[in-house]
Amino acid sequence: MIKLSDSEDEECNERTSLITSESPPLPSYQDGVQASEGLETSYHRERQPDSTQNNEDVPNGRTSGADAYNSETTVENEEEELTLKYGARHVIMLFVPVTLCMVVVVATIKSVSFYTEKDGQLIYTPFSEDTTSVGERLLNSVLNTLIMISVILVMTIFLVLLYKYRCYKFIHGWLILSSLMLLFMFTYIYLSEVFKTYNIAMDYPTLFMVIWNFGAVGMICIHWKGPLQLQQAYLIMISALMALVFIKYLPEWSAWVILGAISVYDLLAVLCPKGPLRMLVETAQERNEPIFPALIYSSAMMWTVGMADSATADGRMNQQVQHIDRNTPEGANSTVEDAAETRIQTQSNLSSEDPDEERGVKLGLGDFIFYSVLVGKAAATASGDWNTTLACFVAILIGLCLTLLLLAVFKKALPALPISITFGLIFYFSTDNIVRPFMDTLASHQMYI
């Protein structure tokens, strides 16, 4: 048997003692009925001229057809303007992070000699290129490329299968281990070499404390919640660290062949009907789920921090409703109305922010990595020539612009590597073999154009 507390009985007695024996009037209900009747009357009055006008326009088929054509033209123009607006906005949203990632890589390559020294190779590229024979070196680079692409293909298919069968915990654990390695071990190596290069003295406890704070905040921002800009900064940083590892441990010829092969693989994996990346994107769209933030750079919130803010706001409003003074009905009504208005405003603000968040453009971290590998290799192997590095940088941005243009036209997921990498390879070899010797000849003869 459930029994109310004594305080609740007292409140009920006080509440009932305030009510008279007569049936109270219901002004709010009657006013609402009158208001609705007035609205219906005014609505009918306003609609009468329109109905007569429509009756007059029905015989005139040309006028109605012209109006329909004008409305369709207006809608098409608005869609084109919206596409151009958000297309330009998306270009700017991607130019900044891609540029920052490449700048970090190039600055590190130019200043820290550790990442240009060849003292080992990746396990995925077992064939060495330390030979004078061009044919043997080319063969080894092709074999290394085949092994590397095969590993990427197998791991991608494995990831797609895990996602298809909803093995989310395994995927999260896999990504968390990768992020831990990047944010702690690779960051330690990077900071150690930077401090050695610039002769900065730091004791190990302080260094470990810095790395611990950096890695812990990064894990929280990437895999849980955090400010959008901080999450983006961490994604850019781990992409740069991974690119530096590839630049150091990939053989020179193998790196260029891998860049060409990975662009072809990206094209097939995204556009083929049974491509692994296409299946991953389609599965995520069917389930209406975001792809894991550790794999995708997003210019909009994926696990939005607004969710926490809205939950906090809802909690505050619930607390306001729970702390209503039941002894004052007028104050209770006003507080409930204020809470309802606040909730409506919060929902309207969230709904107004949702379209911008949905329009955010997303780019895979692999694209960041291979863009930076291309520019970093150009900076490391082009005899320190800035013309070649800048040419590759411009080529990647041009390819990214064209990719975003195609994205606005086709409105579906497209590979971001083929155009940019193709332009980058063309600009690299043409600048390194044609422009650089020409500039050196002009400089040796003290001729300036």
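Glycine residues also receive a Cβ, built from the backbone N, Cα and C atoms like all the rest.
Membrane topology from Swiss-Prot places Tyr163 together with Ala413 on one side. Here Swiss-Prot gives intramembrane segment for one range in the set 121-141, 415-435: that range is 415-435. Below 8 angstroms of C-beta separation, residues 108, 159, 162-163, 207, 211-212, 214-215, 218-219, 222-223, 234, 238, 241-242, 244-245, 292, 294-295 of the same chain, each at least six residues beyond the ends of the transmembrane segment (170-190), sit close to that stretch. The stretches the transmembrane segment (363-383) and the transmembrane segment (91-111) are in mutual contact, each linked to the other by at least three Cβ pairs under 8 Å (pairs 6 or more apart in sequence). In the three-state DSSP reading, Asp266 (active site) counts as helix. Remote same-chain partners of the transmembrane segment (227-247), defined as residues 6 or more beyond its termini with a Cβ less than 8 Å from a stretch Cβ, comprise 97, 100-101, 104-105, 108-109, 115-116, 122, 179, 182-183, 186-187, 190, 217-218, 221, 255, 293, 297-301, 305, 365, 368-370, 372-373, 376-377, 380. Outside the topological domain 'Lumenal' (191-203) by six or more residues, the chain places 108, 111-115, 210-211 with a CB less than 8 A from a CB of the stretch. Only pairs six or more apart in sequence are counted, and the transmembrane segment (91-111) with the transmembrane segment (390-410) gives three or more Cβ pairs under 8 Å, enough to call it a contact.
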